Structure formats: structure tokens, C-alpha cells
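Take a look at the structure set out below.
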Amino acid sequence: MGRRLHRGGRHPRGAPLAGRRVRPARRGLRGGGDGVRLFLRLLGFLRPYGGRVALSAALGAATVVSGVGLLATAAYVISAAALQPLLGELALAVYLVRFFSVSRAFSRYAERLVSHGLTFRLLQSLRTFFYARLEPLAPARLSGYRSGDLLSRFVRDVEELENVFLRILSPFVVAVLVSLLTFAVLLPFDRTLALVALGFLAATGVGVPLLVRRLSRGLGRRELGLRAELGARILDGVSGARDLLAFGREGAEKQEISALDRKLEGTQRRSALVAGLQESATETMTGLALVAVLVLSVPLVAAGEIEGVWLAFLALVVLGSFEAVAPLGTAFRSLDRSLSAGRRLFEVTDAEPGARDPEDPLPPPEDHAFELDRVSFRYEPAGPPVLDEVSLRLPPGRKVAVVGPSGSGKSTILALLLRFYDPDEGSVRFGGQDARSYAADDLRAGVAVAPQDPHVFAGTLRENLLVADPEADEGALRRVLRRARLEDFVRALPEGLDEYVGEGGSRLSGGERRRLAVARALLKGAPILALDEPTADLDRLTEGELLSSILDPGQEKSLLLVTHRLVGLEAMDEILVLDAGRVVERGTHAELAGAGGLYNRMRDVQNGMLATA
Ligand SMILES: Nc1ncnc2c1ncn2[C@@H]1O[C@H](COP(=O)(O)OP(=O)(O)OP(=O)(O)O)[C@@H](O)[C@H]1O
């Protein structure tokens, strides 16, 4: 399949490099209202855990309330003891001090237990959601993203979302509860006092965070973006290290990575500055609130409206309750990051898959006749047509080859066969029914494909083969290795089938990788065998051997061979010659070889090159 190399500057269509979105999934999740919608959507992930969320918030509030209670009752006991009352009169207060000290420790522990358990469940459901949504998007909608960027979304951005609960929702609920409770405790003493305390709590819980949000606007998004870009760049650099070294670009690459790193450091420094400002603003507000409470209550004590023994109690109630509003600044900073993470995540998951399963799919096809009926297709709505009114019939047992110059659309036919995409016009049919009536997985089960650029998993040869059929026994593995002309190669390996092939099959040659893909496709034993350039990296001798062994897939099986090497095509029932997405010739080798068209010209060029080689 035509591969795009997103390196060195800009995306072919002018979109900047570095893991940026190529295909906007859902526009308009940007403004303030959309931020609210996005936040609510993120909160939706908490819905199944409603009970735990409430319990955790209640325990969080109980922790702060116990803290305030401990401070305030202790202050009362000390003040009252100084006035030397009868010990019995203090019994309740002393009991409360003990109670609050135990309940504070207990509720803190229980709150951590519940909230972290909840967070792990939340992360688990986010990961499952993300992966489940990602799978149908591959490969059609993911080719625009760099793997490092996707990895960063999948790992870091998902982890960032734990803050939606831990640092945003829960602290917010606790702050509201504690502020109202503080107001209720102070109200019987003096209305103004209660209102002033509430005012300070609100100013600290809302004013400081708003200021923080203003100062840190965009910082979270920038930081996540830079991190993803850095990750993608490093991953790209490591996988392309050989080429960078060969072109002497390693120094330049290092400089670009350092420049990104410096930018990230700058953003993080700014975040730290805002965090520092936030903390000092909160401290200042707490101090001012304490002074205000004393300024208001001392005259009340002097006037005898409040007993002196309550003075320290009031001051410490207010002081303690700031513990509930202090985390709100951090919550607002987290909000920016969490919303950016959510946006980046949904950007990927909201993309329309290349082909969508019907609501009520037909049962898997029993007849595996594959057909393209005047199919036209383009990858991008505004892009050039890649296939233009292409028709092809592949009934069971038939062998069809698709040949043509590079970029003529050959591999795209395989992408339609695997239903990675649906056509724009015309229809793709299986057993006479439109492919859109089936679930894509059911169609794929009937096709064994060896792609042009096969993925070899970092594991052993055996593991790579078993991807096609996990139940296959040793005999079946040996048989497909023989047919793919890999048997001698495997026999010569010290570990045989258990030899480690390296990441992406880096310890295999190009031709060995390709033959491994062919063996894998043969092992699947599906009714349709589709091979994309199976012999491209092979010498002529191995090519001939491989072709003679695979061109007969068996009576009932059909074969679709995509190639630009016009070798072994005498064995095919039909050959389609594609040029710029159109079928310009079709027929058997004998018919086309004498026709004087593109097929013949391609053969002449190929034979001429072989003769001079
Ligand atoms: N995922 C994609 N997104 C956008 N354009 C694509 C994509 N894949 C392929 N193309 C374009 O579609 C056209 C046909 O590509 P295709 O891979 O089908 O050609 P091909 O005939 O198999 O070429 P080759 O022989 O070089 O493999 C090319 O111009 C290619 O650049």
C-alpha cells in the first residue's frame, strides 16, 4: 500500500509535522461552552461509579471537617481550661477532640482508599474505551498520526484524565460542603462574621483559581502537545537512527530534540511560577481571613455578645476551613490540562472509521465471490480519484492479478477487499451482497492477506506465524514455511522457529519479512488469498520458486495478486492493468502480451532491464 513518510518538514498537504491532527474529528470543541460540554462528557465516564464518587467526596469532606473540628475544639478546650472551669464541664469537648483526631485519620485513609480505587477503575475504563475506539479506525484514520503521538495520547493523556476526579470534581464538592458548613457554624455567633468568612472562602476558592486559570490559559495544552511532539520525535529518531546516521543528520536531529525539550522546560517553568503564585495568594487570603475574623469578633467579645472562650474556636474554624478551598487553584490548573487531554483523546476517537458496520449485519458470507462493480474511490474528499470505475470479479477458485505502475491504485483494491474503506461510488460485493451489509470483521475472516509492507511483531518467528492461527500445530507451521520458501532459512537458525526476529522484524532481511507475511497468510487458510507484491524483494530464482508454490492456492480458494513485476502471470485466469486508477486493459497473459498496450510496454521495459542487468 502506498506509504507516506512524514519526516523532514511538513506533511505533503502542507499540514505541519509532529503528530498534529491531519483530519479534524469534531470541530468546535474549543470555546468556553464547548469546554463545559467536554468536561461533562469526561464526567460521563464516572457515571457507572456514582456511589463511590459520592462516598469519596463525603469522606473528603469528613476529613476536612474533622481537621477543622480538631483545631477548633482543641482551641476551645485550651481557652476553657485557662478559665479553670470544673473538669466535668469540659468532658464533651475533650471527647470531641479525641473523636476528631481519630475520625480525621480514619476518613483520610478511607478517602484515599476509595478515591484511588475509583481512579484506577476510571483509568481502566478510559483505556478500554480508547483502545476499542482506536481499533476500527486503523488503518484508515490513523495514518495521519505519528505513532509516538498516539502513544502519548494513549498513555499520558489518559493518565491526565484521572485528575478530572481526583483533583477537580472531588475537591470542588468538598470545598462547597465545607464552606457551607463553616457558614452554618459561624451563623449562630454573628451573621456578619459568618458572611465575611464565607466571602473570604469564596474569594479564595473562586477568585484565586480564576486568576490562576487566566495566567495558565493554554499552558496545559501547550505542555501536552510539546510532550507528545517530543515523544513522537524521539521515537521517530530511534526507529530511523540508521538512516539519520547514513545521511549525517544525527546532529541536526539532536538539536531539534533539544530545542523541543527547551520549549517544554519553558512551559513547565511557567506552570511552576503560576503554581507558586497560587499558593502564596491562597496563604495571603487565609491570613487576611483570620485577621478579619479577629477584627470582627474581638469587639463582639468585648461587648459580651460572644463569650471570650469562643474566640480561639472561631478563629481556628475559619483557619481550618481554608484547607478545603486551597486545592481549588490546583484544580483549575488541572482543568486546563485535563480538558486538553480529553480534547486530544476525543479528536482521535471521534473520527469516522473508514467503513462503519451496519446496525444489523448479515451473517458472515458463505459464498466468498468477491466483486468490484464500477468502483470509484478517493482517500480524501478533496483528493484525486484513486480508483475510477474499476470492476473486478473474483469467484471462488479464480486467480486474478492486478498490475500497473506505482501509485496506480493496486493496493487500494486490497484495502477495499479488507473493508478498511467503503467506495465513494459503485459497490464492493461478497457473495453477491454489498460489503456494507456485513460486519467488517466477518469479511476479513474470509481473507488472508500478505500486505506490501507487512508488520512483523517483536517476538519469535513462531509467534509471528501464530497470529494467523493460534491453534496451528508444528506440522502446519512447517508446511507453510515450505510453501513460502522459508524452510531452509528457519532450519539454519540456531533457535529455529523460536528465533527472535527483532522489533518490526529488524533481524530479518526484506525478502524474509515478505515471505514470513506470505507464510502467515497461507496459514490462515482463508477462502481468499490476497498477496501484495509478494516477490518484490526477492532474487529471480527465489521469486520463481515462491510463485510456483503459491500460485495454486487450491481448488476452492481464490487468489488476488497485486504486483508490478510481470512474472508468473501466465498462470493467472485474468490480469487487470491499472493506470492512474482506471482499468486500461484486461485479459489473460496471452491476450495482453500480444495486444501492444501498457502491459506489453511494461513487460518490454522489465525484460530490457533484466537483460542489461
Ligand atoms: N492512506 C492514504 N491516504 C491518502 N492517499 C493514499 C493513501 N494510500 C495511498 N494513497 C494514494 O493513492 C494512490 C494509489 O496508492 P496505492 O497504494 O493503491 O498504489 P499502488 O498501485 O499499490 O502503488 P505501489 O505499486 O507503489 O505500491 C497513490 O497516489 C497514493 O499516494
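Using the three backbone atoms N, Cα and C, a Cβ is placed for every residue, glycine included.
Marked as region 'Disordered' by TrEMBL: 1-28. Annotation source TrEMBL lists compositional bias 'Basic residues' at 1-13. What TrEMBL lists as transmembrane segment is 53-78, 90-107, 164-187, 193-212, 285-303, 309-335. What TrEMBL lists as domain 'ABC transmembrane type-1' is 54-337. TrEMBL lists 370-605 with the feature domain 'ABC transporter'.
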Dominant neighbour of the transmembrane segment (164-187) in 53-78, 90-107, 193-212, 309-335, by Cβ pairs under 8 Å
309-335
Within-chain partners of the transmembrane segment (90-107) [C-beta distance under 8 Å, separation at least 6 from its ends]:
59, 62-63, 66-67, 69-70, 73-74, 76-77, 80-81
Close approaches to the transmembrane segment (309-335) from elsewhere in its chain (Cβ under 8 angstroms; 6 or more beyond its ends)
39, 61, 64, 67-76, 78-80, 83, 163, 167-168, 171-172, 174-175, 177-179, 181-182, 185-186, 189, 193, 197, 200-201, 204-206, 208-210, 212-213, 216, 219-220, 271, 274-275, 278-279, 281-282, 285-286, 289-290, 293-294, 297-298, 301
